[in-house]
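Asks: As annotated in TrEMBL:
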TRANSMEM  15-35  transmembrane segment
TRANSMEM  61-80  transmembrane segment
TRANSMEM  86-107  transmembrane segment
TRANSMEM  116-135  transmembrane segment
TRANSMEM  155-175  transmembrane segment
TRANSMEM  202-221  transmembrane segment
TRANSMEM  241-260  transmembrane segment
TRANSMEM  272-292  transmembrane segment
TRANSMEM  304-323  transmembrane segment
Amino acid sequence: MLVNDSLLTGPKSTILIGCTVGVISSATQSIGLTLQRKSHLLEDTLPCPYSRRPPYRRSRWRLGLLLFLLANVVGSSIQITTLPLVILSPLQAVGLVFNSICSAVMLNEPFTRHSLVGTVFISIGAFLIADYGAIPEPNHNLQELLTLLRRKPFLVWMAITGFAVIGLLILIRMLKFQERIERRDDAVRSHFRCPQPKVVRGLLYGSVSGILSAHSLLMAKSAVELLIKAFTSTYADFLKWQTWAIVGSFLFFAVTQLYFLNCGLRICSTSVLYPLVFCIYNITTIFNGLIYFEQVSKLSHAQFSLIVLGTFFVLLGVIALSWRLDK
């Protein structure tokens, strides 16, 4: 995508700071996720299930969660205020490289030919999705946001994603049921078996987390728009219950996506899970913007084709990394 020089507003030092913070926050987020995954793995090695502690009682898991939240809240805030969208979006893909490194170093996962191929595919795909899916969005007041929320296309889109989440959770329950049956009766394994059921369940959890994370971002951006309006013009919007409903929706999506992400981390490697979450999150975010902000006309056929190509590359990379773990 060609970048117009006028888009790179602000002094070079500000952009340099934003990029530096972006790289550091991506590394911090990857370390945080890997620490959470390592905490789950170490706890699973305990012989007695009853002696295993819940995540919030483990210092390693708490440290990982703190780093993850710190990178997301502080790092994202600084990047949003210092970087234009054309730089901010592709910079997100750096986290996938750090994630692959952390998995190899901290979790002792093998870095094979499949790892290299998968990482390259994922990096290319993530760059295509983030770069060509970046569309600037205007600011709105509460009334405009409520009008956008009530539009039929957006309600249909939210219903579709809601049914998708429910369907994924049903599949997860079915896979759990299958695993229980297999543990009881070995004869069942030869007739009906999902390959790598734990990995598949982890990826399904990651897909749910990616969808909810994108909706969380949408509500967060809406809340931030109202906050900016409050500081620049009037506080009237903050006295209306609809504003707090938007804030409540943001908190709901934020907490649930974090919960399902951790469910995935329990049973699936971060080197496989995180790229899929990234892919689902970015695609859902793109469609959220296109439908919610009525920006379908701003996405060209070429952009759409490159986003689809990027998604294909990410999925190929995830498959390659899954094969590596299987071997």
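Using N, Cα and C of the backbone, Cβ positions are placed for all residues, glycine too.
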Asks: Under 8 Å, at least 3 Cβ pairs, sequence separation 6 or more: does that hold for the transmembrane segment (304-323) versus the transmembrane segment (155-175)?
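Replies: With fewer than 3 qualifying Cβ pairs, these stretches do not touch.
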Asks: State, in range form, which of 15-35, 61-80, 116-135, 241-260, 272-292 has the highest count of Cβ pairs under 8 Å to the transmembrane segment (155-175).
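Replies: Per the Cβ under 8 Å count, 272-292.
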Asks: At a Cβ cut-off of 8 Å, and with pairs 6 or more apart in sequence only, do we get at least 3 pairs between the transmembrane segment (202-221) and the transmembrane segment (272-292), yes or no?
Replies: yes
